[in-house]
Amino acid sequence: MTIQQLRTALRTAGIPPKGLKRELVSALQSYLAKEIDGESSLLADKQDPSNSDKRISMMMETKSVEDQVQDANSFSKVSEVQQSRRTVKQLQIKGKMVDVNAKIVATEQKKSACASGRMTSLTKKKASSDVDSKYVSAKNRVTLPVNQSEPWTILAHKKPQKGWIAYNPRTMRRSLPIENTKFVKILSWNVNGLRALLKLEGFSAMELAKQENFDVLCLQETKLQEKDVESIKQSLIEGYENSFWTCSNTRLGYSGTAIISRIKPLAVRYGLGISDHDSEGRVVTAEFDSFYLLSVYVPNSGDGLRRLAYRITEWDPSLGNYIKELEKSKPVILTGDLNCAHEEIDIYNPAGNRRSAGFTIEERQSFSTNFLSRGFVDTFRKQNPDVVGYTYWGYRHGARKGNKGWRLDYFLVSEAIADDVHDSFILPDVIGSDHCPIGLVLKL
């Protein structure tokens, strides 16, 4: 390809087109390699609060890359040779097809995956169509068709086990209960900054409400201050007159949780009733006729795991004791960003994140000890024991378009009502945050 074509490609990809031809080729090769091998990092993205201030620009960058790259590559193994060639064809940049013949040196076998497509927005939901692309399992080399416009249907995992399948809400969500069956539908979403989400072009809270027709919406990481709440309440969703908000008092514009409901609760309380835990606005509890509902944002263990000890020795046990106390009077539904990928099936790259916040053995054991072993049921995993479904994707390296994520968001319910759960689902097509909403349908 010509120098002019190389410069055009690099400019569109956001790379300064400087140097001789061989330097331009090298820069383009490096860009392509990063697109193929990039992975999400909870430690890098979730622990840096400044990332949230860049939400809109980062999302637009991600969308731009998704729109520019239309290839679907297969999982493959690179040969054990010192000099091997791979031709990457049809890089679509602003409608122009550029042929790139790139040399890639491999010294050991590597697995790489890249799948791309356009994310479906709430207000422009399109009927899905099959695309002529293939996914080759790294384990058994079986070729299966995937839809490029629905990247969550890719079985993306560094070490997939036999029998695992990707979560596909179009085929796995259950129809609502039959007529005359009483039920409640609850959604939960870490919005990673509610004001930024509401300003995002193409997002409409009313569209989400229309699409899902939920009874209750739980929010986490609203990042609101007390002074913002009233104006947000007035403009959010019509028909949901009952909303309850708690904000961080010690660090403004941080954390924050809420419950928004068209059903009036019997009572509402904030926090755990322990001053050491209640200054960051992490818990709202609403009591309804037949259950308690908690919207919870569990503290992240932080950069360098600086809050790990607090998390596993103080916060988790206190939350566990609180919900067990509530359970003495009626069953409990605990939902939110619990900041833990409990099992290896719940994270794209388990081996690479053993000491990352959200996947340390200490956090995973604490999750089991304080919640699951005390009679609370992970509803999604109970319904889908072998399904890989993520709820969080870091903004970096195109993690969402490759479905390289974490399952950090849960509906945990008391064992007494576990069999009344009609559906526990994920909404990966809803964009606007680095998390997506999750949902629960409970028969009453």
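Residue 1 is the first one shown; counting continues down the chain.
Just so it is clear, glycine is given a Cβ too, placed from its N, Cα and C backbone atoms.
Features as listed in TrEMBL:
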- Tyr297: active site (ACT_SITE)
- Asp337: active site, proton donor/acceptor (ACT_SITE)
- His435: active site, proton acceptor (ACT_SITE)
- Asn190, Glu221, Asp337, Asn339, Asp434, His435: Mg(2+) binding site (BINDING)
- 1-32: domain 'SAP' (DOMAIN)
- Asn339: site 'Transition state stabilizer' (SITE)
- Asp409: site 'Important for catalytic activity' (SITE)
- His435: site 'Interaction with DNA substrate' (SITE)
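Around Glu221 (Mg(2+) binding site), taking its Cβ as the centre, 25 other Cβ atoms fall within 10 Å, counting all chains. Of all the recorded positions in the record (Tyr297, Asp337, Asn339, His435), the one with the smallest CA separation from Asp409 (site 'Important for catalytic activity') is Asp337. The two recorded residues, Asn339 (Mg(2+) binding site) and Tyr297 (active site), show a Cα separation of 8 Å. The distance from the Cα of Asp337 (active site, proton donor/acceptor) to the Cα of the residue listed as 'active site, proton acceptor' comes to 9 Å. Nearest to His435 (active site, proton acceptor) in space, judged by Cα atoms and limited to the recorded positions Asn190, Glu221, Tyr297, is Asn190. For the domain 'SAP' (1-32), the model's pLDDT averages out at 70.
With the fewest other C-beta atoms within 10 Å around its C-beta, Asp409 stands out among the recorded positions Asp409, Asp434.
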